[in-house]
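Following: one structure in structure tokens, then a few remarks.
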Ligand SMILES: NC(=[NH2+])NCCC[C@H](N)C(=O)O
């Protein structure tokens, strides 16, 4: 994704063709350069890592609850389960299996944010929620190929006390290698279909709900961004939870003759027959309790990294851009307007954008300026332009 980099300059700037007098401004958008792509990856990496640290203890609880014996349950609820594991296995028990999501999360997040952003950006109608819906779905499919084996290893490590494979795994790679050796490539990708089925609604719900919530506020502060990220995580899990239960059972199942289930449907049907509709919701509480802080942390850190980067590289990405686009002509804005509307340049520009329709020329898809996907309420204005506008209009 390429958050819009706005640049404004006076019309007598050599880059622009029209030549009206000084004191009149044009807004231009820099299309993304190579750098925003890389920074998205880094942002996803940090956001993902933050989310894993915050969320993993709850993930362990989730997997234990999902695979608990329904006839004779060991755990009375999320926090009971957390306490039992903590008492029995300590902090290590609760963080068991974290290396796998940690290691895989960079790749998964790069795929998720990369695919999502690009599909969204290059679609015909980048700002519609429908676009966010299918961009999220496609991202969900793409990341499944990495996510599925990763979660397979995670599930087996988390349940290592319950699933007796005769070996003590030293980590996810060891675990996956063992699976590959004994069960082949099919074994390594056990649960792939279930993962895809889960993550299409999962990531569609994730991004649509985040986007939707960010649009409700023009100028979201930190608490709001955390809230939006947290609720996006919750919405996403509600959209796909029953599929996640089936996925976990498939991945916890053995292969070959020992296997209890022949496939996704079989697993779902057997679970339902055994236990009724409840089967599909066991562990939902702990999942939602985990999803909130985890995704609040994830979206917040992603946004923070992107903001930090863009605040420090506005001019650079402008220079790297080969396209010069006149997005908005502010010729008709009187200087006096700017004085009144807002105390800072950013707010003045924001105001101008929200109050005007936002025409654009071909070459770059229209981008959401005000309601960025990420907390970016930063409108990135290069220092020189900013000083210039501040001086001219008497604002900060
Ligand atoms: N069901 C999903 N995969 N939803 C997307 C949310 C992903 C997020 N990293 C989480 O685990 O909460």
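Each residue, glycine too, has its Cβ placed from N, Cα and C.
Just so you know, TrEMBL annotations are computer predictions that nobody has curated.
These numbers come from a predicted model, not from an experiment.
Taken from TrEMBL as is:
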- 35-122: repeat 'Solcar' (REPEAT)
- 93-113: transmembrane segment (TRANSMEM)
- 127-216: repeat 'Solcar' (REPEAT)
- 133-153: transmembrane segment (TRANSMEM)
- 220-308: repeat 'Solcar' (REPEAT)
- 221-239: transmembrane segment (TRANSMEM)
- 288-309: transmembrane segment (TRANSMEM)
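Here the transmembrane segment (93-113) has Cβ contacts under 8 Å with residues 1, 40-41, 43-45, 47-49, 51-52, 56-57, 59-61, 82, 85-86, 139-140, 142-143, 146-147, 150-151, 153-155, 157-158, 160, 171-172, 175, 203, 302 of the same chain, all six or more residues outside its ends. If you look at the transmembrane segment (133-153), the same-chain residues 6 or more away from its ends with a CB under 8 A from one of its CBs are 97, 100-101, 103-104, 107-108, 111-113, 115-117, 119-120, 123, 172-173, 175-176, 179, 188-192, 195-196, 199-208, 247, 251.
Non-local neighbours of the transmembrane segment (221-239) in the same chain are 201-207, 209-210, 213-214, 284, 287-288, 291-300, 303, 375; each lies 6+ residues outside the stretch with a CB under 8 Å from one of its CB atoms. The helix, strand and coil residue counts that DSSP assigns across the repeat 'Solcar' (35-122) are 72 helix, 0 strand, 16 coil.
DSSP labels the residues of the repeat 'Solcar' (220-308) in these numbers: 76 helix, 0 strand, 13 coil.
Helix first, then strand, then coil: DSSP counts for the repeat 'Solcar' (127-216) stand at 71 helix, 0 strand, 19 coil. In the predicted structure, the repeat 'Solcar' (127-216) carries a mean pLDDT of 89.
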